[in-house]
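Listed features, source TrEMBL:
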{"type": "BINDING", "residues": "GLY498, THR499, THR500, GLY501, SER502, GLY503, LYS504, SER505", "note": "ATP binding site"}
{"type": "COMPBIAS", "residues": "247-257", "note": "compositional bias 'Polar residues'"}
{"type": "DOMAIN", "residues": "481-692", "note": "domain 'FtsK'"}
{"type": "REGION", "residues": "235-257", "note": "region 'Disordered'"}
{"type": "REGION", "residues": "306-325", "note": "region 'Disordered'"}
{"type": "TRANSMEM", "residues": "21-43", "note": "transmembrane segment"}
{"type": "TRANSMEM", "residues": "73-97", "note": "transmembrane segment"}
{"type": "TRANSMEM", "residues": "109-134", "note": "transmembrane segment"}
{"type": "TRANSMEM", "residues": "163-187", "note": "transmembrane segment"}
Amino acid sequence: MRQATKRHQTNTWREQINQRVREGAFILLSSVAIYLFISLFTYNANDPGWSHTGMQSEVLNLAGRTGAFCSDILFSLFGYIAYLFPVAVLLMSIFIYKTKNEEDKDKSPIIWFLRVIGLIVTLVSSCGLTSIHVNTTLQFLPMSSGGVIGALMKQGMVSYLNLTGATIILSALFLTSVTLFTGVSWVKIADLIGRFMFMGAKKFPLQFTAFSRKSIAQVQEIKLPALVKTKPSKASSAPLKKEKSTEPSFSGKKSSIQDILKPISKDEKSWEDEEINLPPLKEGKKLKQSALDIFNRKKKAINKKVKPESIKEPTHNKNVESDREDTAYAQRNEAHSHDFEGDHIFPSLSLLEAQSEAHDTGFSSDQLEQLSSLVETRLKEFGVDVKVVGVLPGPVVTRFELDLAAGVKVSKITGLAKDLARSLSVVSVRVVEVIPGKSVVGLEIPNVEREVVRLKEVLADPSYQQSKSPVTIGLGKDISGRPVVTDLAKMPHLLVAGTTGSGKSVGLNAMLLSILYKASPKDVRMILIDPKMLELAVYDNIPHLLTPVITDVKDAANALRWCVAEMEHRYQLMAALGVRNITGYNERIRRAQAQKKPILNPLWHPSHSEKPEALEPLPYIVILIDEFADMMMVVGKKVEEYIARLAQKARAAGVHLILATQRPSVDVITGLIKANIPTRIAFQVSSRIDSRTILDQSGAEQLLGHGDMLFLPPGVGICQRIHGAFVGDDEVHKVTDELRKSGKPDYIESVVKSAFNSGDSPNGSEPYDELYDQAVAIVTETRRASISLVQRKLKIGYNRAARLIEQMETDGVVSELQSNGTREVLAPPVSE
């Protein structure tokens, strides 16, 4: 008796432990399945994973870095079948929980062995079927649709069994493995489906006959009533009553549908004042009130449609869209309510033209498949074995991702760019040798009809709206159609080059308008240098300018000198306050102003003023030079020195350069300038040499023009292709006119003023030479501006004579050195 009791207690104890273990396993595996579901459905190709390093440090997967890694492994191995993996884990948890009695425990090793085998075969066979029959041309999977396993199954089975045989074998394996894993009987399922179909086929004739009779009866009942006009009487308002007669009675003439739908004139009485005689109904049938209600509602709707005042214009129009886009700007105007000759009013986005009606400018799915096959065929003709594994359509170009065969070099495809363009009948083809995060080669082919990227669409994007930097620049869209916005403060300087007609001037206008839409004159001040005197004249007299638009290269050199001095002054202020950059300086000043404890100028000297003045927040200074090749030709060495100093040191001081030229040669873009300006933009150039000069790599010569550009971000050696935003001249005029209404510019005269006066030398470090007047007299009388002549006449050294001639050039006595090595004497003789 005691032994039986102990045995019973032991069994009970074991059952409790077994139940708890099963419940714990069920909860754990269910949680794992849910986690895998989340990681798979929030998969992002840009996240770092198992098959690639990723293009960004921030992980977008909701399951974190581990989820991104797991989802990348599953998609790489199984493709689309990865979605079945969490389902299989969930089913395993259910199977574990349902294993209760002793018979199941005894059979569990065999059953679990069959289930594991079934799960493995299910995944492998489904991957093979998916890889054979599902195309991933437009999907963003790391591998093929069936993953690595599916690709191996497809390669092995199709080569021996052909497509039909491989499909049959894999389908049979899939059905068998599902039975082993889940215990589902396909024979029972087929038998059940057949039974339901037989029962449905047996009942369908009877139901169809009954339904037909019922429908015919309803149609007859609807057509039988007639509307009869009678004289108004007291009985007209009485409720309807059934008549004893079983036959329908008619009085008057039948009314046609056109007569019923005809609008009632004012002289006629409405239907509510008329008596409606309905035919008597048979016993057991009642007329539903809902039918009458529907009839009355339709009648009232018809009357409402007839009334002209009830017709309204559709609510969706262009103004609604522009009002939504202007909401963010209205809110930012309140936040930037600085006093600059009155509150600055930011221009509205409605001043810019909106995108035209959306239409498909790229290739269709069939065209993409045909073009993919054509690319593979053409490259195979040239002896290059590739396979198109992905297609990325864009607004201007479409990128085909090529998987190279073993032993094929990328340089072989790069050398075939022109031959490919000819064989594909397109303008140009660009080969992207390295795509970050992928082991494929990109082939960018222009669309038949390119989309025009409007600046308004870029500025209305949240990436621009949510940017806090006042020098945020909207460049355009990348090849996938996503707006590209960058921060000039992080560049911190920009070098732009492109031939005539490549879209360089439009790109500069887009950059300037991006800053003007984002910043007030208290936030950003500008110095615009336009030697061509045409491109930037439209921005004259806007409140953001420090000086009128500069067209003289000598004034431009003085402006750069002023910027260098301003940079040094700002560094002295920041060093005195103990801050590292202009952002920290402005935060320190605004915090002191909010506490009503202004900070006095630490660099004040009694000789400057009676008392030190309070410091104010410093604005960013953006210097844009539209064509600095002319400046380099006239005052090259001096300008190069100023630009180099600004590029080296001006980042923390908030001074930023944008240099643009249409002649990207080594004598204009010198090594000193390139070394200090890592951020470059290359529009279409004429040769590969020019592309290497601006980007240190080829590719810009294969662009399409009209705003098509390559953007080289700082610290990145791989260019990003961008389709520049277009902004017309009329749009620029509208925005600048609106800005002029918000205030007048506060010009600083010392910006273009010469750095030396009558007691200083051109370089600001040495006094005028006492022999200068004699040298001027010699040059003007002999009408020869020769260093050797001044050297012989005054009996001085070569260096001193050369400094005297350079000083005369600065003062306008002689011209600059011409191509033949001579100078023209501009001033008249002293005797005159």
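Cβ coordinates are placed from backbone N, Cα and C, and glycine is handled just like the others.
Here the features listed in TrEMBL are placed on the structure.
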| residue | record | CB count, 10 Å |
| --- | --- | --- |
| GLY498 | ATP binding site | 29 |
| THR499 | ATP binding site | 20 |
| THR500 | ATP binding site | 10 |
| GLY501 | ATP binding site | 12 |
| SER502 | ATP binding site | 25 |
| GLY503 | ATP binding site | 24 |
| LYS504 | ATP binding site | 26 |
| SER505 | ATP binding site | 21 |
Between the stretches 21-43, 73-97, 163-187, which wins on the count of C-beta pairs under 8 angstroms to the transmembrane segment (109-134)?
163-187
Can you name the far-off residues of the same chain, 6+ from the ends of the transmembrane segment (21-43), with a Cβ under 8 Å from a Cβ of it?
60-63, 66-68, 70-72, 74-75, 82-83, 85-87, 89-90, 92-94, 96-97, 99-100
Compute the mean position of the Cβ atoms of GLY498, THR499, THR500, GLY501, SER502, GLY503, LYS504, SER505, which form the recorded ATP site, and then list in sequence order the other residues of that chain whose Cβ is within 8 Å of it.
GLN662, PHE683, GLN684, GLY705
Check GLY503 (ATP binding site) against DSSP and tell me helix, strand or coil, would you?
coil
